[in-house]
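Before any comments, here is the structure.
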Amino acid sequence: MKTLLIKDCMILTMVEGEKPFLGDIWIADGRIAKIGPSIEEEADRVILAKNRVAMPGLINAHNHASMSLLRAFSDDLKLMDWLDKKMLPAEARMTREDVYWGTTLGIAEMIASGTTAFADMYVHMDAVAQAVLDSGIRASLTRGMVFLEDDGGRRMAEALNLIDNWTGAGDGRITTMLGPHAPYTCPPEPLQGVIELARKRQIPLHIHLAETIEEGEKIRAKYDQTPTEYLHELGMFHDTHVLLAHAVHLNESDVALLRGMRGGVAHNPVSNLKLGCGIAPVRELIEAGVTVGMGTDGAGSATTLDMFAEIKAATWMQKLKHGDPTVLPAEAALRMATIESAKLLAIDHEVGTLEAGKRADLILIDLDKPHLLPVHDIHALLAYSATGADVDTTIVNGEILMHQRQFQTLHWEEIKREATARASRLVEGL
Ligand SMILES: N[C@@H](CCSC[C@H]1O[C@@H](n2cnc3c(=O)[nH]cnc32)[C@H](O)[C@@H]1O)C(=O)O
Ligand SMILES: [Zn+2]
C-alpha cells in the first residue's frame, strides 16, 4: 500500500454545507482514506502543509490543450475569422508529435495552476491520451468532428478508436466522449447518427453550442431554429449525457429545453469576454436546475488555462449583467470549478470534493503571500484574490505532480524546447 499524509492544513472539502477546518488528509493507494482534524497514521511520505489550503483540484470542463502552441499568435479577431483564417490553417499542419507536445505544454500550465482534470476536444487524440498518461493528470477526451465534407467515415472511425483503445487507461484517469464539433459544422444527418450511437452505447457527448450571434444567424437561416432547438429536435437531450461548451446565446425557451438534461453547460467566461461573444445566462441555467461548470477553452483564444481567472471572470460577469453583486457568490463559483465541472465530465462519483473513498485529486494553495492575508473568508480569498501561481502542490490519484512549484512528472526544459520549435513551424507565413 502506498500512503501519503498531508498535515496541518486548512481543508475546504467543497461538500455542500461543510465548513472549512484545520486538519489532515491521509491518502492510501490513490484514494482519500481519512480526512479530519487530527489523523495519526503512518505514511510513506508526509507533507507538512501549515499555512496552506487543501481543496479539490480544479476541473477544466472545456479545453483544446494542444492549442497552447497557438497562444498569443492570433488575438483580437472575430471568432469565425480567427477560426477560419488562423486556427484551421495552423491546425492543418499539426502532426501527431506536435499535438503530443502542445498538449503536454497545456498540461504543464494546468498542473502549475491547480487543475487536476480537463475535458479536451481535438485531433490526433491518441497523442493527447499519451500526454495525459505520461503526465499523470486526469482527462475526458474526445475527437472533435467537423462534418462539412464526406471523409468516408474517417473522423468517426478515429473517434471510436479513441473510445475503444483509451477508455479507463491510466488507472481510470482517462475517460472518453463523442465530440460533434458544433451546430454550424454538423449537418442533421451525420449529427443524428452520432446522437443515436451515443444513446445506444451510452457514450457522453461534448459539443460547442451558441457561442456567437453569427452562429445563431447561420442556424436560423438554414433551419429556422435556434442552435439549442436544432440539437433538441435531433434528440440530443434525450437520455444522453451532454457536455455543452459556451451556451452564451440562449433565450428563455432554450433554457427551458435544457431543463432536466443529463450533463450540463461548461461556462467559458474569459474566452467569451475576449472574443466579445456575450454573457452566458448562468443564473437562469442554474435556476432551471441545469449543471453549470467552468472551462477555459483553448489557449489559442483564452490565452491562459488558469482556472482562477475563469472563477473571477464568471462571478464578475454575472454581477455586472444583473447589476447585483450578490449574484454568483465566491463559494458558488468555486463549486462550479470543482464539483459541478466534475459532474459535466461524469466523474463526480470519483473526484470534485474531498471525501473519504474518493480519488485523491487535490491542490495545496500557499497563503503565505501579501495578497492572501488576512484570512477572513477563505472562499472569497480563493475566488477573488488567489491566482494559479499560488498553487504550491498538485496531486492526482494520490500522485504528486507538482510540489513546491516543481514538476514531478514533467520535464520542463524538454517541453520548452519542443513547444517553441514546433509552434514557430506551425504559424510560419500565416
Ligand atoms: N478540425 C477538426 C476538428 C477539430 S475539433 C476542435 C476544434 O475546435 C476549434 N475551436 C477552438 N476553440 C473554439 C471555439 O471557441 N469555438 C469553436 N471552435 C473552437 C479548434 O480550433 C479545433 O479545430 C476536423 O476537421 O474534424
Ligand atoms: Zn472550444
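Backbone N, Cα and C define each Cβ position, glycine as well.
Look at TrEMBL and you will find HIS62, HIS64, HIS208, ASP297 tagged as Zn(2+) binding site. If you look up TrEMBL, you'll see GLU91, ARG143, ARG154, HIS181, GLU211, ASP297 marked as substrate binding site. Residues or ranges marked as domain 'Amidohydrolase-related' in TrEMBL: 54-400.
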Task: Candidates HIS62, HIS64, HIS208, ASP297 (binding-site residues) - the one closest to ARG143 (substrate binding site) by CA - done: HIS64
Task: binding-site residues near HIS208 (Zn(2+) binding site), in sequence order, restricted to GLU91, ARG154, HIS181 and a 10 Å Cα cut-off - done: HIS181
Open item on the list: Please identify, from the binding-site residues GLU91, GLU211, ASP297, the residue with the sparsest Cβ neighbourhood, meaning fewest other Cβ atoms within 10 angstroms.
Closed with: GLU91
Open item on the list: Sequence gap of 6 or more, Cβ distance under 8 Å: name the residues on the same chain that satisfy this around HIS64 (Zn(2+) binding site), in order along the sequence.
Closed with: ASP120, MET121, TYR122, GLY144, ASP297, GLY298, GLY300
TODO: Fill in the CA-CA distance, GLU91 (substrate binding site) to HIS62 (Zn(2+) binding site), as an integer in Å.
DONE: 18
TODO: Inside 10 Å of the Cβ of HIS181 (substrate binding site), count up the other Cβ atoms and send me the figure.
DONE: 21
- [ ] Determine, to the nearest whole angstrom, how far the Cα atom of HIS181 (substrate binding site) is from the Cα atom of HIS62 (Zn(2+) binding site).
- [x] 12
